[in-house]
Amino acid sequence: MHPALLCGPILAIFLQFLVSSCSPLENDDLFLVQVEPEVDPVVAAEAIGAKYVRPLLNLKYHHLIKLHKGSDDSVQSSIRKRGIDAGILELERQTPRWRYKRDASESDELLNEFSNHFGISDPLFYGQWHIFNSNNPGHDLNLREVWDAGYFGENVTVAFVDDGIDFKHPDLQAAYTSLGSWDFNDNIADPLPKLSDDQHGTRCAGEVAAAWNDVCGVGIAPRAKVAGLRILSAPITDAVESEALNYGFQTNHIYSCSWGPADDGRAMDAPNTATRRALMNGVLNGRNGLGSIFVFASGNGGHYHDNCNFDGYTNSIFSATIGAVDAEHKIPFYSEVCAAQLVSAYSSGSHLSILTTNPEGTCTRSHGGTSAAAPLASAVYALALSIRPDLSWRDIQHITVYSASPFDSPSQNAEWQKTPAGFQFSHHFGFGKLDASKFVEVAKDWQVVNPQTWLIAPEINVNKSFGSVNNETITEMVSEFTVTKDMIEKSNFKRLEHVTVRVCIPFNRRGALEILLESPSGIRSILASERPYDENSKGFLDWTFMTVQHWAEPPEGVWKLLVNDRSGGKHEGTFENWQLALWGESENPSNTAPLPYDTLELPKEMVLGIYSEPNSDLTNSSTLLSPTSTSFTSYTVSATATPTSTSHIPIPTVLPPTQPVLEPSYREIVAFITFFLLFAFIFVAVIWTWISAFWKAKAPPPLSQQEIA
C-alpha cells in the first residue's frame, strides 16, 4: 500500500481522540460565582478547588469558574468550610438552554398616492399592508403624520437579540452598526447568519430599518441603526444571555427580543440569576441612566392555551411585552391570553403576513407571529426616541398605555373591559393596538414621570388544601389584603403601574389551576389561565405573576387573590401563601430610597447549600454563602429610587467592552488543529508525489528483451 493512503485513517483516529480530549466542558461544569468586592476571584476559585475562567462582562464581582463533574458533594463541603472565608457569596451552575424564536408559519390609487407622496420605489412595498392598508383603511400603524413630520428614527439604535443579521443585505447595509453587535454563539464580532434557519433576526431588523431603495420593502424607522446580538443559534447559558442583554447598553437604546421559553402550554420558565440582574442593570444604568428599553414578544402558544404569565421574560416589569393583531383585527390563532402584555402590533393571520428582508439579499412575505409584532413596537419606540431622547424606560411604557388604540374586533372573545382609569383592556390585545402617530404625538409633549416607588404587602399565609377535606370538595379559595391610605402615603405613591403577585401553591396538576387578581375597583386580571397540556405535578413554587391591567387605577382598598381548581376537585394541592407588590410613580421625587429589586428576586428561604430554583421547570444549582432572609413581616414602606442606585447588588456603570474577552471554545481549537493537520497532510502528499515523479523521471528506462538476451 502506498504510504500516503495510510494518512487518512490515521488522521481520522487522531482527530477523534483530539476532539474527545479537547472539550473543556466534557469533564467540567461551568458555574457563576459572586465574590466580595475586595476578593481576588482567581484565589477564591482555587480555595474551593475550582479553575477560574473569566469575569462576566456586565456585572461586577460576578465570574465564571469550572468545577470537575461529579465533584458537587466535595465542592459543597469545601464551600461550607472555606467559601465564606474565601469571600464567595453565591455559586450557580450554568446550564445551556434553548430559546425559541417566536415566528409563525403562515395596487390601487390610495396605495400609489401614499408611495408617491413619500417617494417610495421599493418594488414590494404594495405588500406591506401594516404600513399602509388600502384594503382595510385604518388597519395599519398610521405612519403618515409621523413621516410627514420628518421623524424617521435618527440617532436611535435597535439591537436585535436574535440569530444574527445579514448586514450585507442591500436593505440593511446602511443601517447596520458594528458598535453594539456581537456573535455570542460563535464568539466573533460579526453576527452574520450562518445556519440554514438563521433568518429570524434579519427579518425583524428589516421591519425596523429597511432602506427606502429599489429592494424589497421599507422599514418603519429607516434612519435608525440596527445592531445584531446573535444568541439563538445554539443553547446558551444564563451568563451569556445576560451579557447579550447588557451589551453596548450606552449605544444600543432598544433591545428587541422575539423569543423566549417554549410556547407549548407546558413550560414555565424565567430568567436565572445573571439575566435577572442584567435586566435590572439595563433599566438602572442603560442609556446613561434612562434605562434600556426591553421589548419582548408575548408568545405564540395560543393554540396550546398558553399564557405569557408563565414566561418570566414577558411578565417582568422591565419588559414592554407586545402581542399581535391581524390585518382584519382578529385574534391570531397563536395569540396568548395574558395580563402582562401592554399593547398589540400587527402581524400574521387572515392569510396575510409581514413582508420584510430575508438573508442573502432576498425578501420574504411570510414573517409572522408575535416575532413580527415586537419589532414594529421597537420601530415606533425608535421614532419617538429620535425626538425625545430624554424618555426613560418607564416613560415609554406609560406612553404605550396612554396612546394605545382599542378597536372593534370580529373575534367574539376579545372582551374589552373598561378600567377605572378610563382605559380599555383586553387579555388578548392589552390596551389596544399600537398607533405610531398617536404614540409620537403623546411622546412629544410627555412630562417625564417621577422615579419609581413600590409598596410590598406582607406575605399572606393561607395554608388551605384543595381536594377532599372532611368529606367536602374544595375547588375555590379567596385570600384578601387591604391596602390602606396610610400605606399609600408612607409609600410615597402617586400613580400605579405594575402589580406583581408571588404565589406558593404546590399542586399535583399545575395546568388545572386558574388564578385571578381582583382590584379594589372590582377589575379582574387573569394571572394564570387553565392550561390543559400542563401536567406538571409541582404547581407554583414561589412564582411571580404580573399584570398591567390596573395601570393608573386607585390602589387603596381590598385586593383579592382567587385560586380555582378547574378540574372540579380531581387533583390535590395547598394554597400556602402569596404576596402582593404594587409598583408605580412616586409622589415626591426627592424622597428617594434604593429599589428592592434583587431582594424580591431572591427566594425567601435561601440558605447555605444547594438550592433548586423554583421559578422554572428546569433545575439549577445555587449556593448562597451569606444567608439572608427576604421574607417580609410587614408591608414595605418605600420612597423612590434614582435610576442609578440599588442597595442590593453592585451594578457597573461603565460601558461593556466592545468585544467580549472570551476564551476560545474547544470547537475553535479543534477547527484550527484540524485545518493545520489537513494542510500538513496535503503538503506531505504533494511533496511525496513530486519526489516520486522526480525519481521516476531520473531512473534509467527498463531493459528491453533484446538487451536482456
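Just so you know, glycine gets a Cβ as well, placed from its N, Cα and C.
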Which candidate, Cys7, Cys22, Cys363, does Swiss-Prot give as the disulfide partner of Cys216?
Cys363
From Cys257, Cys338, partner that Swiss-Prot gives for the disulfide involving Cys308:
Cys338
For Cys338 (disulfide bond): DSSP state (helix, strand, coil):
coil
Mapped DSSP class for Ser371 (active site, charge relay system), helix or strand or coil:
helix
So which disulfide-bonded residues out of Cys216, Cys308, Cys338, Cys363 end up within 10 angstroms of His200 (active site, charge relay system), measuring C-alpha to C-alpha?
none
Taking the Cβ of Cys216 (disulfide bond) as the reference point, list residues of the same chain whose Cβ is under 8 angstroms away and which are at least six residues distant in sequence.
Asp122, Pro123, Leu124, Asp171, Gly206, Ala210, Leu355, Thr356, Thr357, Cys363
Separation of alpha carbons, Asp162 (active site, charge relay system) and Cys338 (disulfide bond) (Å):
23
Report, in whole Å, the straight Cα-to-Cα distance of Ser371 (active site, charge relay system) from Cys308 (disulfide bond).
14
Reduced DSSP assignment, Cys216 (disulfide bond):
coil
Over the span of the topological domain 'Cytoplasmic' (694-709), how high is the average pLDDT in this prediction?
51
Using DSSP with the three-state reduction, classify His200 (active site, charge relay system) as helix, strand or coil.
helix
